[in-house]
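Pulled from TrEMBL, these are the features on record:
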TRANSMEM  22-43  transmembrane segment
DOMAIN    94-151  domain 'Potassium channel'
TRANSMEM  102-123  transmembrane segment
TRANSMEM  129-158  transmembrane segment
TRANSMEM  193-215  transmembrane segment
DOMAIN    206-283  domain 'Potassium channel'
TRANSMEM  221-243  transmembrane segment
TRANSMEM  255-275  transmembrane segment
REGION    315-339  region 'Disordered'
């Protein structure tokens with residue numbers, strides 16, 4: 001059997017890139033769930049058993065003291081649980097369905113927090129909630145995505161300004177040269193995904209600490225409980241064991257409710273954006289794992305450098321650009337490609353531009369195949385030893401290539 005045939009057969013054993021990433025992520029999530037269940041069961045199960053024992057003892061003592069049967073007592077407790085579901089509490093609480101209470105409710109709906117403290121009980125309310133939540137949740141998710149784009153754009157502007165000031169202070173940039181912050185120059189200054197993750201993480205921690213400092217004296221919670229409430233709320237988990245702004249009256253009530261709304265809005269935006277950025281890092285780790293697992297049982301494929309995760313994200317530990325095949329079309333100066341492999345985020349504008357370039361290259365290849373003459377894109381620069389490089393290095397190599405060809 002020819003070596004090429006063996007290599008082809010080995011490649012056919014590999015999963016598709018997207019399918020492999022999906023299967024690996026599913027397995028890791030299942031393992032993550034199993035580990036989490038084991039940890040929480042070990043931590044919380046003893047406390048649950050003790051609470052059941054105390055409650056059964058209290059129930060039995062109450063039944064014997066007041067001469068009430070356990071069946072009648074349990075029937076009363078079921079009615080009380082139904083009252084709790086309707087929003088009735090022993091302590092005085094704010095009205096659930098006045099305008100401010102309804103506004104609080106729809107805010108938890110569209111943000112997907114869903115505390116569960118307030119729920120519609122009428123048929124009309126439940127039907128309206130289905131259609132209202134369908135549109136509201138979609139619009140809110142779009143808002144969160146646009147918020148993340150604004151953060152990335154702002155960081156790009158700040159990073160470019162800082163770098164330009166540093167270059168000017170070092171004397172490498174002539175004072176007469178000015179660079180604007182136009183949309184044309186911003187794609188080259190996309191911030192690193194790790195920088196965005198760090199900034200969003202610090203912002204979320206700062207907002208959570210400030211919000212907890214407000215909730216602790218106003219709601220009467222412990223500071224750790226306030227931090228727990230902030231994470232559960234900002235991450236839109238929304239258990240409902242702690243819910244803010246539910247008292248009938250507060251000191252400076254209007255100011256507190258406005259601050260509560262602003263903290264929730266900023267916190268949800270930051271945490272949701274942080275989740276998106278962390279998902280990019282997780283995808284990079286999956287690509288790295290897939291690379292290590294690729295062709296595990298075939299040394300020839302390892303020598304041939306068969307990679308699986310090269311399309312949407314970089315792999316951790318990549319320090320240089322992947323070498324391009326000598327017959328590939330495209331511009332000689334691939335600064336964009338080098339930037340893609342440096343851990344930076346990819347905008348939709350860059351993606352659309354790359355798609356246009358790929359379409360043009362495909363049309364050119366079809367035209368050359370039909371006319372019967374070979375492709376000669378950057379051929380002179382690829383055979384004289386001066387090709388490659390990113391940025392200034394790529395420009396210098398191209399200039400050397402032109403000088404070598406002229407001689």
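Cβ from N, Cα, C; glycine included.
Residue counts for the domain 'Potassium channel' (206-283) under DSSP, split into helix (H, G, I), strand (E, B) and coil, are 57 helix, 1 strand, 20 coil. Counting C-beta pairs under 8 angstroms (sequence separation of 6 or more), the transmembrane segment (102-123) fails to reach the transmembrane segment (193-215), with fewer than 3 such pairs.
Confidence for the domain 'Potassium channel' (94-151), expressed as mean pLDDT, is 90.
According to DSSP, the secondary structure content of the domain 'Potassium channel' (94-151) in residues is 41 helix, 0 strand, 17 coil.
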